[in-house]
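If you check TrEMBL, you get these features:
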TRANSMEM  A:23-42  transmembrane segment
TRANSMEM  A:62-83  transmembrane segment
TRANSMEM  A:90-111  transmembrane segment
TRANSMEM  A:117-136  transmembrane segment
TRANSMEM  A:148-167  transmembrane segment
TRANSMEM  A:199-216  transmembrane segment
TRANSMEM  A:237-261  transmembrane segment
TRANSMEM  A:273-292  transmembrane segment
TRANSMEM  A:299-320  transmembrane segment
TRANSMEM  A:326-347  transmembrane segment
Amino acid sequence: MSAQVLGSTSFERPRWLRILEPLGPLAAAFALAALVLFAAGHNPIDVYTLLAVEAFGSSRRIAATLSAATPLILTGLATAVAFRAGAFNVGVEGCIFVGGLAAATVGFTFVGLPAALLLPLALVAAVLVGSLWMLVPGLLKARLDVDEVVTTLMLNFIAISLTAWLVNGPLLAPGSANSATPMIADAARLPKLMPPSTLNAGFLIAIALLGLYALWGNRTALGFETRLAGMNARFAAASGINVPMLVIKMMLLSGAIGGLAGGIHALGNVGRFVAGFSPGYGFTGIAVALLGRGSALGIFLAALLFGALANAGATIQFFSDVPIEIVDILQGTVMVFAVAQLGWIFVRRRASA
Amino acid sequence: MAITAATSALVSALGTTSALAQDKPVALIISQSGLGDQSYNDLAYEGFKRGLEATGLEGRPVESRDVVAQAAEILRRASDADFGLVIDLEYSHGEPMLEVAKDYPDTNYVILNQVREAPNVASVLFQEQEGSYLAGMLAALVTTDTSIKGITPEPIIGVIGGTKSAGIDKFIAGYVEGAKAANPDVVVKVAYSNNFADPAIGLQMTKAMFEEGVDIVYQVAGGTGMGVIQAAKEAGRYAIGVDTDQDGLAPGNVLTSMIKRTDVAVETLIKDYAAGNFPRGETTTFGLAEDGVGLSEMLHTKDLIPAEYLEKVEAAKQDILSGKIKVWNVVEQGYPDYLK
């Protein structure tokens, strides 16, 4: 009965197919990039081997890849949570900026506090600020049916400009020639997991949240209701679910995770808020959520892929003449193929509306 | 095993098996704006290529789309991969470099525009105040000469800084000092855009200055400064460029540019490294004397400016070189009275 009611084909397809499905776009992306590499005079097999070695070739390289994947797991998760309730939140990028600045500000302001107090305080600040950042688009979407794609996208620009202004003015580190806050106190630092790598406890937080997300989505009433509301809002409302409230809750949750992504990035890796804090983790997170099909394992693997590309894409330049643009093309092609799925989601949304 | 073999094969392909430290290859870490920025990175890369060619060393530029977060990972990878000299153009890499440098005592590092104290790190500073002094002097001489197109009789000039910080005020103080030296009655309007990447802000602020009677605006604001130059072009007045030769961006409306020769610094350090006298643990300053800063050739404006002004500027340059004039350095000396 449920498969019919939900109006989705995904339940009818065998599990193995659902797992293998994203591999098609990946293979296509790598094949296309191989052609570009070949045309540019590189041997694609050598380049891919080098990429694999730089991404996973030693424990140190794996740690670097996991470190690069950490913000992407969180932004992918933040996006997926909103997707699930039928809200297409593209404002996670802004949440990273405001959350990151909030955590850094707590981290360099209350320097006297012990780690047991300061670290949670800084993370909570990031979560709260990120969550609040999504309050208005959540309300507008739930109450007035204002398109969240527009509001959250616009909020990104505001977040980026607002943090840029703060970090150039009131929060600027004394004596710094570029836009950066002071370094956070050591007590505010997330512990490193495999020193000297930048891989830190933020990765464990991200993995734990992925686990909770899997449990929540599959085992709890709220998780089921959210999924229902995302698939067919009218049916969910008819079954007595308060859909607008659900959308607000999920937007706040999405913002909270986005803010946390920024907080963890500030406290675990960068150690401050600085110009160039996020190179677009929030946007890559959309691709991560789509490529991962909204499943916990899928999000992890997609984040791992983009993390590996970001990490190895930089360091292969020490050993080859492959410019960063080739990695951009590879990453971009994977995104295009992943986002091809987006059309499918919109078609489904329209069909159910 | 195969993986380790592949890595070591790649490393040896770079010719890094040699025993001498200064024969090991050189890495250039590109900053946020990336190669192709027609500014800081491209200029440094030119110097990098010249340095490699002159010394016969191997070397590679490395770009990352996530250069801020990957600081320590990239610096460590370069050090692990047996690069002997790592030149880092990214400003935010100062702290991570100290952390990495202590783990690789045999590797040499270079950081620009800041001082980082470690036995194997060389810091590079530019005497931007010296070049700015000359720019201020030229602006003050020109601003009252109404025979020049677009110049108003009032002795008012302007400067827009990207942010209120010692690093930027170092330029501004030099500019004001040079202007006052040429004409004690000159008024210098100082403003900050609090943004290095928004030409629209630069455009608006510059237009507002023009309305107050300013006819020449020096920009020390990165991408925001593109708006300053645009405003000068639109209003038929003058901008002064910074960092690279920006005279060609609006030919005839950019009076001159205060060039920071990052290329000279990079090239010099590579040559020093190859020759075995790399300034480990030292701060090297590049000023007028080292050809590290200076005014552009003024290809498009030289014919507009009366020769006597250019001669005065040249004389001031000689006085700075001979030590007769010592231009105020905000970073070392704090703020002067005229710029509190």
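Just so you know, glycine gets a Cβ as well, placed from its N, Cα and C.
Pairs of Cβ atoms less than 8 Å apart link the transmembrane segment (A:273-292) most often to A:62-83, out of A:23-42, A:62-83, A:237-261.
Within its own chain, the transmembrane segment (A:148-167) has Cβ neighbours under 8 Å at 82, 87-91, 93-95, 97-98, 100-101, 133-134, 136-138, 140-141, 179-181, 251, 273-275, 277, 282, counting only residues six or more beyond its boundaries. Taking Cβ pairs closer than 8 Å, the transmembrane segment (A:62-83) reaches residues 55-56, 89-90, 92-93, 95-96, 148, 193-194, 197-200, 202-203, 206-207, 209-210, 213, 230, 250-251, 253-258, 260-261, 264-265, 268-269, 278, 281-282, 284-286, 288-289, 292, 294, 299-300, 302-304, 306-308, 310-312, 315, 345 in its own chain, all 6 or more past its ends. Sequence-distant contacts of the transmembrane segment (A:90-111) (same chain, at least 6 residues past either end, Cβ-Cβ under 8 Å): 71, 75, 78-79, 118, 121-123, 125-130, 133-134, 137, 148-149, 151-153, 155-160, 162-163, 166-167, 171, 181-185, 187-189, 254-255, 257-267, 270, 272-273, 277-278, 280-283, 285-286. Cβ atoms under 8 Å from those of the transmembrane segment (A:237-261) belong to residues 71, 74-75, 77-79, 81-82, 84-87, 89, 91-96, 98-99, 102, 123, 126-135, 137-139, 141-143, 148, 205, 209, 225-226, 228-229, 281-282, 285 of the same chain, restricted to positions at least 6 beyond its ends.
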